[in-house]
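Taken from TrEMBL, the feature domain 'ABC transmembrane type-1' applies to 48-326. Annotation comment: TrEMBL describes 82-101, 161-181, 187-204, 273-294, 300-321 as transmembrane segment. Residues annotated as region 'Disordered' in TrEMBL: 348-384. According to TrEMBL, the domain 'ABC transporter' annotation covers 398-632.
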Amino acid sequence: MKSAAAPPSLLVLRPRDGEDDQPVKPLEWGLMRRLFGYTGAVATKRNALLVLTVVRSAQLPAFSWLAASIINGPITARDTGALVLGLVAYGALALVTDGMFHFRQRYALEIGETVVNQLRAEVFARVQRQPMSFFHRVKLGRIISRVTSDIESVRVGIQDVLFVSVIQFGSMLFAAVVMAWSDWKMFLVVAGMAPVLWLINNRFRLQLSRLTRASSESFSRVTATLAESVGGMRITQGFVRQATNLGLFRSLLADHARYNIALARTSAVLTPLLELNSQFFIAILLLFGGWRVFEGDMTVGGLITFFLLANQFFAPIATIGTQYNQALVAMAGAERVFRLIDTPPEWVDDPTATDLPDPRAGKSQVTSDKEQDAAAGSGSWNLPLDTSHLPPAGGMRVEFRAVTFGYDPARPVLHDVSFTAAPGEMIALVGHTGSGKSSIINLVTKFYLPTQGEVLLDGREVRTITSRSLHRQLGLVQQTNFLFSGTVLENLRFSRPEATEDDVREAARQLDCLDQLEALPRGLATEVGERGAGLSLGQRQLICFVRALLADPRLVVLDEATSAIDAVTEARLQRALQRLLQGRTSFVVAHRLSTIRQAQQVLVLAAGRIIEKGTHADLLARRGHYAALYAQFTQVGETF
Ligand SMILES: Nc1ncnc2c1ncn2[C@@H]1O[C@H](COP(=O)(O)OP(=O)(O)OP(=O)(O)O)[C@@H](O)[C@H]1O
């Protein structure tokens with residue numbers, strides 16, 4: 001069988017990153033106690049369930065005991081009245097047992113759901129608080145598998161393993177006690193067989209759970225690859241890679257099939273083996289029991305009682321084996337989920353940091369993390385912010401003083417960067433790929449902190465400002481124009497959930513694009529697919545502009561799209577951009593000459609340093625790096 005490591009990807013055979021992906025983990029008291037803590041919200045049901053569980057473990061052997069008693073008593077004595085009484089008792093026991101079973105099932109499911117929901121929400125909340133460096137480091141697939149397969153295995157652990165195991169153990173114990181009490185010699189024979197069954201069962205179940213996990217992982221690779229290849233279909237077709245990709249995809253499918261076949265083979269060995277064993281055990285019981293009946297040491301009725309109880313004793317062994325393996329899988333899942341939850345952010349706001357005052361009317365109140373969480377918990381996203389007016393409230397002053405920065409502090413990508421952006425100024429960042437434009441933006445927005453030097457916003461060092469208060473005054477437009485699935489209106493409101501539809505229309509009107517949005521098939525109610533599919537590039541960019549404008553930001557950060565757009569849309573976008581940026585400080589990673597021309601300052605970057613500064617006209621006149629860059633790009637087309 002092929003190893004689970006190094007699955008092929010559509011690009012290359014990519015090795016898995018070093019994260020521990022152990023399918024199982026030994027039972028650990030600390031983890032169990034922590035998981036148990038999540039049942040606190042349904043403590044009454046949990047306690048009731050524990051009682052129901054203990055009662056049920058006595059009820060199951062009671063059936064066998066009662067059936068045996070009816071055979072040995074009324075049936076052997078041919079006593080009809082006693083038989084009827086016995087059957088009434090049996091029926092009553094059945095009714096009580098199954099009534100309680102109903103509640104056991106219900107409570108177990110509710111408890112499982114409660115724990116799983118809390119864990120998922122906690123993972124989401126923790127992940128949202130991580131700084132951007134976390135998202136560059138941790139793969140999306142990892143986070144998704146924590147929230148899906150790992151938490152699902154925890155659900156099985158909580159919902160089934162504990163309660164089912166207690167019931168099965170209890171049943172075995174009760175059956176054992178009754179057997180030992182009625183005939184201890186026969187009981188010793190039965191007890192001697194149990195370990196053999198346990199060993200066989202355990203050996204195979206462990207293998208089965210490993211294969212099940214390997215199979216589900218290989219399947220996630222199939223689905224992830226499918227999603228990636230559909231997403232990148234244009235590139236695949238453009239570079240005529242269909243055949244290669246199909247080959248790689250087939251190898252992933254073959255990998256998955258191999259695990260499934262191995263799984264089926266192991267099951268096909270285990271099931272008959274278990275059946276053979278129980279038949280073998282029955283034969284031994286018949287031999288030993290028959291001999292004792294011949295010798296007069298045991299009655300036929302006693303032998304029947306024994307058979308019924310022995311069944312009650314053996315049946316749980318296979319179930320407990322399965323539950324035990326599921327517990328090990330749940331432990332491994334819980335450990336990974338908690339590791340993600342416990343990952344401390346590389347940095348957090350300094351505890352002494354305070355809010356950046358907001359000169360915009362009614363916006364000085366920035367909600368704290370706790371208030372936001374409370375709002376989220378109550379299902380309300382309407383934060384106490386009044387941003388109903390749209391005129392800009394003046395830009396932010398941004399200053400870099402001798403800033404050096406590296407994603408890895410040992411390898412700086414920005415060196416000694418200094419500049420000042422006066423309120424309301426537009427700063428265009430220009431430079432070759434990798435020159436540090438996005439890194440400057442990452443510092444202005446406090447998505448990262450400088451390694452050395454100072455970034456000042458309205459005269460305050462960025463570390464002394466809470467991120468939330470800064471981001472409340474920030475409008476972001478990315479090159480990829482990220483839109484969430486939902487309607488255009490919902491996407492527009494993302495920056496200000498309490499905005500009315502009229503506010504949204506007004507913002508779109510200000511950017512002179514309301515007609516374009518209304519012309520969409522269902523106007524503002526048009527559904528936006530994944531990554532904004534169904535909308536043109538220009539439309540997507542306009543939506544992002546309106547979304548940013550709606551937040552009425554004092555600082556706008558824009559990574560201009562590089563893709564070519566037709567001249568009419570281009571002109572519209574430029575006008576919209578001008579309105580969006582008016583009266584606000586803005587940083588634009590500029591790719592269009594028309595944008596650069598609007599800037600009060602152009603910062604020319606090379607290898608993480610500002611090599612030139614000035615307006616477009618000044619820089620051209622200087623005939624330096626910018627002029628050369630300009631010449632180089634205008635030869636190719638009108639984009640930087
Ligand atoms: N998340 C990251 N982790 C580590 N290094 C990074 C990260 N992002 C960027 N870099 C590195 O920092 C340097 C500057 O990158 P940056 O993204 O700021 O350049 P850029 O001018 O915006 O490039 P582009 O025009 O291609 O977007 C590059 O050497 C890049 O490899």
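Just so you know, the numbers here start at 1 and follow the chain as drawn.
Backbone N, Cα and C atoms are what each Cβ position is placed from, and that goes for glycine too.
Counted over residue pairs 6 or more apart, the CB atoms of the transmembrane segment (300-321) and the transmembrane segment (161-181) come under 8 Å in at least three pairs, which marks the two as touching. Ranked by the number of CB pairs under 8 Å to the transmembrane segment (161-181), the listed stretches 82-101, 187-204, 273-294 are led by 187-204. In this model, the domain 'ABC transporter' (398-632) carries an average pLDDT of 87. Residues 176, 179-180, 266, 269-270, 273-274, 277-278, 281, 284-285, 288, 306, 310, 313-314, 317-318, 321, 324-325 of the same chain sit 6 or more residues outside the transmembrane segment (187-204) yet have a Cβ under 8 Å from a Cβ within it.
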